[in-house]
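Participant: These came from Swiss-Prot, pasted as-is:
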- 85: active site, nucleophile (ACT_SITE)
- 179: active site (ACT_SITE)
- 181: active site (ACT_SITE)
- 233, 234, 235, 236, 237, 238, 239: ATP binding site (BINDING)
- 8-205: domain 'Glutamine amidotransferase type-1' (DOMAIN)
- 206-398: domain 'GMPS ATP-PPase' (DOMAIN)
């Protein structure tokens, strides 16, 4: 079997907003990598045995006392090192160079003139000006290297940054003041490929097929002939976990699908058809709608609703698990960003991830071992594996759906009547987005039930019914978002269909709030 972890890159995180993007680019090249806090020990690096090391950017300044530094062993490990932005600056300082606060900060696009040959820039240039090769890059820095360490040479300059790139070819140390990991740097992926593949010598074994083979083998080794239980929601993560486990252990996997009455139109039937009929999984559907809605009765506070939904899920899942006396393992859809955010740095700067609604409160007495086949993978990698396992693209690329489901898209108290109206309205909205080609152009689109009534006219009579708000946004990272400028004709068609086809809705409005100041979801 292919050893997909033999060649690997260690990325030391100094706190840049782009650090996870570096890791995703390295994985995209086809090489395994891990992202660790900058304050790792020499022993940890030795045990990981990286083929190469990348130092990330940072919001910190190398000119400040007590700013983070790379472990000294990084430069004595005998492997190539690439410093990006702050990573280049700390490399320069730690090896005897000098950095200073720049008089001219660079934020945004810049053109780097390439000087002196370097393996990092081999066969790279965006344009030639008077026979001088240039790279179009993305800068984001306030400090700059003003004196090179011994044996380094300048390999790139800009008008305001004389040392925009540097290298020591003999030790295979490289620094770039710009960010090759962002798409704004046009040849960024090629630059990282030069480092990871050509300089570090990594083989590109990190592929969907190899990852599946490795995951299945590791599951078999971990659980043997034991039985495993999984809460299958129909979302991408739990679906991919289910198919990996099914491939590894077959009928020893017990999937529990909790139908909480807060799902999209026909979603419960679709999950059963997909995983029970098509893939032949051992799956139990629990109709818990009345239980969830009963607990939610009279509750309007969004956070209280989330907690109730999470608690009831745990109770229902626990009831089902008690029926399975031989289960020894609990499978979860933990992915790599969860692992990164949960990791505690000894500096205390690491973030603690929010608890997931469906795994955060499992009873201690269940005492099951954890199986987490996706814990090394980013979300985009999970999607690629899902496609390779046979999940339909329409499901893999579906817009995000909140864990509490319609519980946070029905504003205020959640009632069955409201959920039923919202399900039908939302299905019409999504159908028309798909028909018009706008579903793929938006990052997330959904309907919201507003618990207010509005006067309308239907035929010769007046009616006094509920209001639906449509929401569609465009975003790259979901940290910020713009409202989608859907065509008026499309919005008009959706509105007419909802009002005419969903009895109980009298008015449809469109949410034109960005994030910030608004959040994407209403609750």
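Glycine residues also receive a Cβ, built from the backbone N, Cα and C atoms like all the rest.
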Participant: By the count of other Cβ atoms within 10 Å, pick out the sparsest of the recorded positions 85, 236.
Facilitator: 236
Participant: Going by Cα-Cα distance, pick out whichever of the recorded positions 85, 234, 235, 237, 238 is nearest to residue 179 (active site).
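Facilitator: Among 85, 234, 235, 237, 238, 85.
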Participant: For a quick check of packing: other C-beta atoms within 10 Å of the C-beta of residue 234 (ATP binding site), how many?
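Facilitator: If we count other Cβ atoms within 10 Å of residue 234 (ATP binding site), we arrive at 21.
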Participant: Around the ATP site formed by 233, 234, 235, 236, 237, 238, 239, list the extra residues of the same chain whose Cβ is within 8 Å of the site's Cβ centroid.
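Facilitator: Nearby residues not in the site list: 232, 240, 241, 242, 333.
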Participant: Fill in the CA-CA distance, residue 238 (ATP binding site) to the residue listed as 'active site, nucleophile', as an integer in Å.
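Facilitator: Residue 238 (ATP binding site) and the residue listed as 'active site, nucleophile' have their Cα atoms 37 Å apart.
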Participant: Name the one residue among 234, 235, 237 whose Cα is closest in three-dimensional space to that of residue 85 (active site, nucleophile); these are the binding-site residues.
Facilitator: 237
Participant: Rounded to an integer, what is the Cα-Cα distance in Å between residue 233 (ATP binding site) and residue 181 (active site)?
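Facilitator: Counting only the Cα atoms, the answer is 33 Å.
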Participant: I'd like the number of other C-beta atoms within 10 A of the C-beta of residue 237 (ATP binding site), please.
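Facilitator: Neighbour count, Cβ to Cβ under the 10 Å cut-off: 20.
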Participant: Indicate whether residue 85 (active site, nucleophile) is helix, strand or coil by DSSP.
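Facilitator: DSSP call for residue 85 (active site, nucleophile): coil, neither helix nor strand.
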Participant: Using a 10 Å cut-off, grab the number of neighbouring Cβ atoms around the Cβ of residue 181 (active site), all chains included.
Facilitator: 28
Participant: So how many other Cβ atoms are close to residue 233 (ATP binding site), meaning within 10 Å of its Cβ?
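Facilitator: For residue 233 (ATP binding site), the count of other Cβ atoms within 10 Å is 23.
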Participant: Does DSSP give residue 181 (active site) helix, strand or coil?
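Facilitator: Residue 181 (active site) sits in coil per DSSP, no helix or strand.
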Participant: Whole-number answer please: how many Å between the C-alpha atoms of residue 237 (ATP binding site) and residue 181 (active site)?
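Facilitator: Between the alpha carbons of residue 237 (ATP binding site) and residue 181 (active site) there are 25 Å.
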Participant: For residue 239 (ATP binding site), write down the residues of its own chain that are at least 6 apart in sequence and whose Cβ falls under 8 Å from its Cβ; none is a fine answer.
Facilitator: 232, 275, 386, 391, 395
